[in-house]
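S.K.: The following block contains the structure, expressed as structure tokens.
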Amino acid sequence: MDAERIRGWLTAPFGFTTVPVTTLAVVLYALLFSLVSRSDQLYDVPKDTSGLNVDRAYFDLHQITARPHPYLSHANDDVRTYLLSQLKPIVAEHEHVHLSDDLLSNASWVIRGYGVYFEGTNILVKIDGTDSSLSRPDSKPTGVLFSAHYDSVSTGPGATDDGMGIVTLLELVRYLSNPKHRPRRTAVFLFNNGEEDGLNGAYVYWKHPWSNLTSSFINLEGAASGGRPLLFRSTSLAPTRAFLSSAIRHLQADVVTGDAFKRGVIKSHTDYEVYALGLKGKAEPMAGLDVAFYKNRAYYHTTRDSVPGVGYGQGRKALWAMMEVARGAGVALLNVDETSDDNGQSGVYFDLLRSKLVLFSLHSLFVTNVIFLVIGPLTTFVLLVVLRFGTKKPSEERAAEQHATSGTWVRTKEVLRVLIAWSRFWVALILGVAAQIGVVAGYLSVNPYVVHAHPFLVLMTFLSLSFLVIAFPIQLLQRLLPSPPSSQKLAMLLEHYVFTWILLIAATVQVNKNQIGGGYWITAWNICAWLALSVAFIEGSVRARRMGDAGNKAAFDMTVDDVHDESNDTGRRFVSGVLYEVPEDPHHPIDEQEHSDTQGEIVETEPTEITPLMHQSRGVASADAVHAKYDEFGWWILQLLVGVPITALLLFQLELLQLQAMMNTLVDGSSPLIVYGALSVLSMFIFIPLAPFAHKLHYGLTLVASVLLVLGLVFSWTALPFTLDKPFKVFVQQQVEVDLPPYDSLSTPLAVNAGNAEMSVIFQQNSSNRVVRAVTSLTGLHGYVDRHIVRDMPSSWGKDVQCHEDTLVRPGLYECLWESELLPWPGGNETEGPHAQWIDVKTTRLNDTSAMIYVKGTNTRGCRLYFDKPISYYKIRRSDEEDAPQVSGTDGQFLPGYEMPAEGVKEVRLWTRTWERGFSVEFGWNGTENDSSSAHMQGRAACEWAEYASGSAGGSTPVARSGLIPALEEVKAFLPLWALPTKLTDGLVEVWTKFSI
């Protein structure tokens, strides 16, 4: 008995019974969830940073982010001055380092339906490479561009967008300037300006001669606030290999984010797209990487995108994470032997536990998918046939079963049991999809924005639901219509494989049709499912051969009248014609008795039509054999380890990335359906590989999942969606219409060279402005901005507040407007008051379908022109005098590939590097000489302002503190604590006037 007891103890953990299966499943999932969650945290800055000075970069970050510094602010000039003060000593110390203070590059282009003219203020540093053969004048460019932007938005100091990127470049310049670290290839560092207003600094990079030196790039960005930077996207396979560098100990990358950009799910823009497109006919597209912060987007473009906003004790960690990735990938690109782009092959990449990068080509993924779409079903069919014929029942047993099921009801019942047994996976899947749809619909109708502030509560709810909808139906059907556990497992492994094969077809179509590699996890899932099924087939074949006739029925037997029920304490089993009683042993638990050789009592039953004619002499041997054919030891462990961990790991990593990247995008106008739908699908996919083993999981897990689901729904459906820690966003702008007085006089005719003809231009003169009305605009989520935000603004009380859906600037959000007496002031030398000189506009006609307009704003360097109908061309005429529209020639030629489209544009954005310099713009439109209506042009001329008292305090010049926007200050003062203001567009104030030509 002692030997039998020891044998029972030793074999019990390997039996396909409730306790071992539940234990291994719980340990496996708990381990995976904890490993992924732990790897998602920031790591401490190491003591040895290998030549990078984190403390110095952290100090630089404080200097740069002391206050907001958009392009339209004098603080922007302060940041530029600081950067030059840090770079000039480095350049002076090393002959191979060169500085370009670019105040010459001007350009025009058309993008996304509007025209742009921009005067750049970029700073560039070039570090010559040591390999002269790579920089010959007649050779192709091989240099590497490092890019970040030093401007911020007007409503935030920009610690992560893009302060950390800028100080990382600054530190890399110091690092690579050291002769010990000097690279083989030439490095060009671009500290660009104007990114927040339309990627302007990146576009004018093409006008700089050093743009001819670079063929690859790394762009450092910030699309959120803090955390670990993510490889957002990659142009191709070759530059992505840089992330394989051993110098990068911690990384995060997933091709899914790049696919999201391709499919338009992510709508934001970065400098990456400018470099990746190149210039048509002039500059080849560059191969490169987009690295950006993505967590905690609730602080993005707000006052909390600051050093403290990154998190207590997290600033240095986040900065080091960016520096480590930029240095590791950058040095790899600078010193690689070959820069071949593998003919532009797209890459598929993802990380494992934020420490190792898996990388292969998209073509390899496609080939792998095709192979397993073919090989998988063929091998499965072969193994299925082998197992089927290897376990074919003896003729007398088949005859007995046919005789036993000759009745109509009995036969019908058996058919139904077989169908249900072979469809349990699909039943659970259909019920699960229905339940998921119901819960997603519940979130959308009850509390659609709760994921913004309580993401992990929502995640727990979906994970609990997903386990429940997979496990409960399978367990219930097994209880009502029991079938042999190992046979049921084999059936669901087969169905599980078929399901992944269907998914693999869809993923392969996406790879081939849309170049989408984000379905790599489907490939891994299908391979794992195929391997687990193959192991199950081998197991069935081995058991059948080992046990002979006794094991014939085990693999596909779904119709056993009664099988051992682990909850049945008597241990009764029914074998055709024999009732086999297992004796109760107080020293042996039922599970142990199942795997022992303990003899049972054979009880003859009453003869029936299926009772054998011969005396039932098989007795104990028959009972033991029938018992053994449904038991298995160890095989299920291999199947579980092959089928579950890899898939669950990849999916949970992806789900955590999706949650943290999208949970705060709802306040920007993203659809809640996308966020909750993705959580629902990924959560369910995580537990689907467990389905073949679900009928052996303990009911206690189902009970725990049910409790967590109920608690999750109750708390998440009643919780406040916006909190002090995860605030709501309010997009702010004030529009001021001014009326220009009657023309005082006409200027002296000026000679203008328009094409090949010289003509006289007479500008109509305007002087001071009269404010017609000032309109405050607040934009945000419907039901919040209109009901909770606007009513707290004193200037809106008693006013006619108009609210409507925003279809132009922020689609998906709600805009509320009202006229306000809170008038802004441009600052500068202008006298404060309602008649301040905001804008100067002068117009003249050149011919029937062309004209010229001169626009200048006080204490600003950004203006816009809005036309009632499309213009067919525009040219920027140079002003020879600062305060007069003397024009001589054109400036800012169009970039190749960005010329005026045939349909024209109705908006032109103008940017100058010099404060209060005007723009002389020649433009034309389509029309005919005899059509008087086509000869008429109307529109609006506007200028933008982004400086305000609280954001300019501490600036280096008095003028930087003189701009006032009382409407913004009101919003900041009276917003609820759970909300923060952010800019609607480039200017916090836009002052405009009408013109007619």
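Yeah, the Cβs are placed from backbone N, Cα and C, and that goes for glycine too.
As listed in TrEMBL for this protein:
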- 137-308: domain 'Peptidase M28' (DOMAIN)
- 424-699: domain 'Vacuolar membrane protease transmembrane' (DOMAIN)
- 765-991: domain 'Vacuolar membrane protease C-terminal' (DOMAIN)
- 12-36: transmembrane segment (TRANSMEM)
- 365-387: transmembrane segment (TRANSMEM)
- 425-444: transmembrane segment (TRANSMEM)
- 456-478: transmembrane segment (TRANSMEM)
- 490-512: transmembrane segment (TRANSMEM)
- 518-538: transmembrane segment (TRANSMEM)
- 633-654: transmembrane segment (TRANSMEM)
- 674-694: transmembrane segment (TRANSMEM)
- 701-720: transmembrane segment (TRANSMEM)
S.K.: Is it the case that the transmembrane segment (633-654) and the transmembrane segment (365-387) touch, counting contact as three or more CB pairs under 8 Å in which the residues of each pair are 6 or more positions apart?
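M.R.: Result for the transmembrane segment (633-654) with the transmembrane segment (365-387) is no.
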S.K.: With Cβ distances under 8 Å as the criterion, find the stretch in 365-387, 425-444, 490-512, 518-538, 674-694 that has the most pairs with the transmembrane segment (701-720).
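M.R.: By Cβ pairs under 8 Å, 425-444 leads among 365-387, 425-444, 490-512, 518-538, 674-694.
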S.K.: Could you tell me what the rest of the chain brings near the transmembrane segment (518-538), counting residues at least six beyond its ends with Cβ under 8 Å?
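M.R.: For the transmembrane segment (518-538), the far contacts come to 254-256, 258-260, 348, 350, 365, 368-369, 372, 376, 379-380, 383-384, 386-387, 489-490, 493-494, 496-497, 499-501, 503-504, 506-507, 510-511, 635, 638-640, 642-644, 646-647, 650-651, 654, 685, 689, 692.
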S.K.: Six or more residues beyond either end and a Cβ under 8 Å away: which residues meet both conditions relative to the transmembrane segment (425-444)?
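M.R.: Sequence-remote neighbours of the transmembrane segment (425-444) are 450-451, 458, 461-462, 465-466, 468-470, 473-474, 477, 491-492, 495-496, 499, 672-673, 676-677, 680-681, 684, 688, 691-692, 694, 713, 716-717.
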S.K.: Which residues of the chain, 6 or more past the ends of the transmembrane segment (365-387), have a CB below 8 A from one of its CBs?
M.R.: 348, 494, 497, 501, 504-505, 507-508, 511-512, 517, 520, 523, 526-527, 530, 533-534, 537-538, 540-541, 544, 555-556
S.K.: Return the average pLDDT for the domain 'Peptidase M28' (137-308) as a whole number.
M.R.: 95
